């Protein structure tokens, strides 16, 4: 129950004068209740109509109906006013509400009728009037509900609206209770808008509205939750300045704030001041401090407080012991944590799921899975059902220990006890089995748990597909893909890459190309790995035309220019000595953006040598040869094994030899980029031929 402010310094008239002065200079787009500004202009001819058909009488008619015992039913079934309801606007709604100030029930009924039955969204002014009426009538729960509703509405529709100013404006026309401004602070905080709550608190102080301690504590708690440490101290100091009596809740919140600040000296000083003001630290205070010390790995201080609690007659509870156990486990002192757990049980404190999970976490980190298993059975015997954290801890513990099969057996055992296993745990197990290279075990496990209605996440399915493809089990992967389609789940890029690569490895490249078309139609952009897999697949099947076609597709449609894929095609042409056709193809590929590298040069030069070995009278395309020969030496390339093929080619054609020398070797040698031995070797061969 929200009460009136504990200290109310000025009179209502004084407060009203001050808040009016505060906002007189600000503009607002809110609807305010002034007849000269807001009242709609109605035709004077309406007065010639019967009273029940005259829009000018709509407020009188509705107010009259609301005086009946069942106003809601009367409004719904009254046919007299149906014809003039379209004339019911925000101004009329506020006028009706103001006439119901003495009967909050009728006012609330009318407001809800307008909102739900007439499907009219009330204005900010309408909300403020009804909230004032409810607060004046001390119907605080309904007032708080509508105030929260108003805040959310304004936040979504018109964030620039000033609810505070509208509430102030409404005080001119209706009864009001200053507690409404306290309620506004609480409403903001409860909705997570602590900045606006803090701003409203400040405005209340400026308007001489002294908030009560409940509102201050609510604001302090919200500010602390969002780590507004400085603002917490500002509120705390204002409480002292205004004479607001701070209680144990206030001190506990501020103790928590100090613990967040991690300054132990400030904590001790604050506790001393707290005791000077007559407040003894209670259980909440001690638990806050113990938990803080444990998180900071100050276990000695935490256990010192634990002993002090007994000395001062404050009995540690489950929260105290769990915090200490968590601190011990964090230090690797799992044995001591378990002893503390047993002491707690002997003292009559029943453990809960959090305390058990704390111990389980410690044992899992230590790899003591047998103890975890014993604790799990103990939990079940004591009627404590393992939760998602419990299952996750144990499964991950077994996984770290390399005992995934034990984890699977544990899951089966838990299911036997009719314990619901979280789907995240299932997903984790399947993925971990795949990572261990055991996709068949993962697939078998999936089939088993799917009978209980489990549907894997998309990433889980995709990981299983990838794992199956890594073992070249493409058939099972395709079956799984079909299952995914039935469940409206699709492969991601990594899974498509795995399936396409696998199909290419097992000489099913046309099927892989079909998947390429499918993924493109789904808006999934293939990457360079998919390009390499498909082109190498077609090259291994000696389907060079298809490979060239795909090179063009990836360059033009996907903007992927993979030199490795390009070289795979070049290599196939060169292996059979088909240099002439290669030159034609490479011209086209160069135009779409492919760039040869030193490996390309190596393949071409070896291809030329092979072509000459096959046909001594071969006519080769001389216009292209200097380019590839030059690339062997140009731009600091050093291609091992090219010297002999180059010499053979140069011996075959004197003009080519001289051109190669003057255009590539000599200029590059000036810069010192050509190896001395290579230059001497070529010079010797050329001199031997009488050309030097």
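Even glycines carry a Cβ here, placed using N, Cα and C.
Taken from TrEMBL, the feature repeat 'PPR' covers 177-211 (among others). Mean pLDDT for the repeat 'PPR' (177-211) in this predicted model: 95.
Residues or ranges marked as repeat 'PPR' in TrEMBL: 212-246 (among others).
If you look at the repeat 'PPR' (247-281), the same-chain residues 6 or more away from its ends with a CB under 8 A from one of its CBs are 213, 216-217, 220-221, 224, 227, 229, 232-233, 236, 239, 288-289, 291-292, 296, 298, 301, 312, 314. Marked as repeat 'PPR' by TrEMBL: 247-281 (among others).
Packing against the repeat 'PPR' (282-316) from elsewhere in the chain are residues 248, 251-252, 255-256, 259, 262, 264, 267, 271, 323-324, 326-328, 330-331: each is 6 or more residues past its ends and has a CB under 8 Å from a CB in it. Residues or ranges marked as repeat 'PPR' by TrEMBL: 282-316 (among others).
The repeat 'PPR' annotation in TrEMBL covers 317-351 (among others). Nonlocal intrachain contacts for the repeat 'PPR' (317-351), taken as residues 6+ away from its ends with a CB within less than 8 angstroms of a stretch CB, comprise 283, 286-287, 290-291, 293-295, 297, 299, 302-303, 306, 309, 358-359, 361-363, 365-366, 368, 382, 384.
The feature repeat 'PPR' is assigned by TrEMBL to 352-386 (among others). Sequence-distant contacts of the repeat 'PPR' (352-386) (same chain, at least 6 residues past either end, Cβ-Cβ under 8 Å): 318, 321-322, 325-326, 328-329, 332, 334, 337-338, 341, 344, 393-394, 396-398, 400-401, 403, 406, 410, 414, 417, 419.
Sequence-distant contacts of the repeat 'PPR' (457-491), counting only residues of its own chain at least 6 positions beyond either end whose CB sits under 8 Å from a CB of the stretch, comprise 423, 426-427, 430-431, 433-435, 437-440, 442-443, 446, 498-499, 501-503, 505-506, 508, 519, 522, 524. Here TrEMBL flags 457-491 (among others) as repeat 'PPR'.
Distant neighbours of the repeat 'PPR' (492-526): 458-459, 461-462, 465-466, 469-470, 472, 474, 477-478, 481, 533-534, 536-538, 540-541, 543, 546, 550, 554, 557-558, 560; these residues of the same chain sit at least 6 beyond its ends, with a Cβ under 8 Å from one of its Cβ atoms. Residues annotated as repeat 'PPR' in TrEMBL: 492-526 (among others).
Under the heading repeat 'PPR', TrEMBL lists 562-596 (among others).
Note: the repeat 'PPR' (352-386) comprises 27 helix, 0 strand, 8 coil (DSSP; helix = H, G, I, strand = E, B).
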